[in-house]
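Per Swiss-Prot, the features are as follows:
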type    : residues           : note
BINDING : 112, 113, 114, 115 : (6S)-5,6,7,8-tetrahydrofolate binding site
C-alpha cells in the first residue's frame, strides 16, 4: 500500500496514542493540528497538549489555530496538500470547507459503537447506562456531531470491574489498531461506508460535578454504574458530617432492606452498606477531605463514629 500523506488533529493523551501509531506506520504525518497551549497546574503555566509534545519530539510541524472557521487557517491547511486528515479528540469544529479539503476527506476515531453515544463523553456514558459492550468507530466526518458514515467498528465487552479509567486504557489500545485498518481499507478502496441509523442515535453529554452527587433515591445498581462512570473524574460523592466524601468503588449488595434511602445498614471492614430506593449499595473505597482514597477498613479506623448503623447519609432529595 502506498503511504498516505496525513494531517493529524487531536489534543489529549487518547489522541497522542493514535498519533504514535501513525508515526510507527509507513504513512507520512505531514502536519499536526492541536488546541492552543492552555494554563495548567497550580502555577497556571501555559502547557502544550500531549499531541503537541509528541509532534515536536518528532519534528513534525504543529498548527494551533483557535478556530478553523477563518480563511487564512483554511488556506494554511489546504497548502499541506494532504491525502487525508485523521481527527481524534481534537476539540475544534471542522467546517465543511475543511472536511472537503483532503483528497480522502477527514476521518474520526470515536470511543463508542455509533450511532450510540455520539458526543463528548461516550466512554463514561456507556458505563453510566449499564451497557454490556462498547468499542471504537472509525467514521468519515460530515458537518454533524459524530453523524458521519461508519467505516469500521471494533467491539469490547464491558466488565463489572471496569471504570472510565480502565475503559479509556482499553479503547486507547483498540483505537489505533482500528485506525490503521481503516486507512488501509480507504487507500485500497475496500471499505464500504455504512450510514448511521438515526433511530438508534443518542447523545453522550459531558459530565458535571453536580451529577456526581450520589442520590440514594436511585437504585443500588444505577449508583454502582455511576461510581464506575465517574472514576477518575469527577468522582462520585456525598455530603456527611459537613464534609464532602468521595466514593471510588462500590458493589451491589445481596442484603435487602426496608430502611429509608441513605440509611447505613451495617459498617465493617468488608464495606459500609447503604440502603437505596432499590437494593443496598456497599461502599468499598472512599476518600475523606484532604486525604488519599482508602479502603473502608481504614476509613472506619479513622472515622468510625461517622458511619454507625442507622445513621442517615445526606441526600439531594431529603
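Any Cβ shown, glycine's included, is placed from N, Cα and C.
Because the structure is a prediction, the values reported are computed rather than measured.
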- residue 112 ((6S)-5,6,7,8-tetrahydrofolate binding site) CB neighbourhood, other CB atoms within 10 A: 24
- Note on the structure: Fewest neighbouring Cβ atoms within 10 Å among the binding-site residues 113, 114 goes to 113
- Query: Near residue 115 ((6S)-5,6,7,8-tetrahydrofolate binding site), which residues of its own chain have a C-beta under 8 A away, given they sit six or more steps off in sequence?
  - Reply: 146, 147, 196, 197, 198, 200, 201, 202
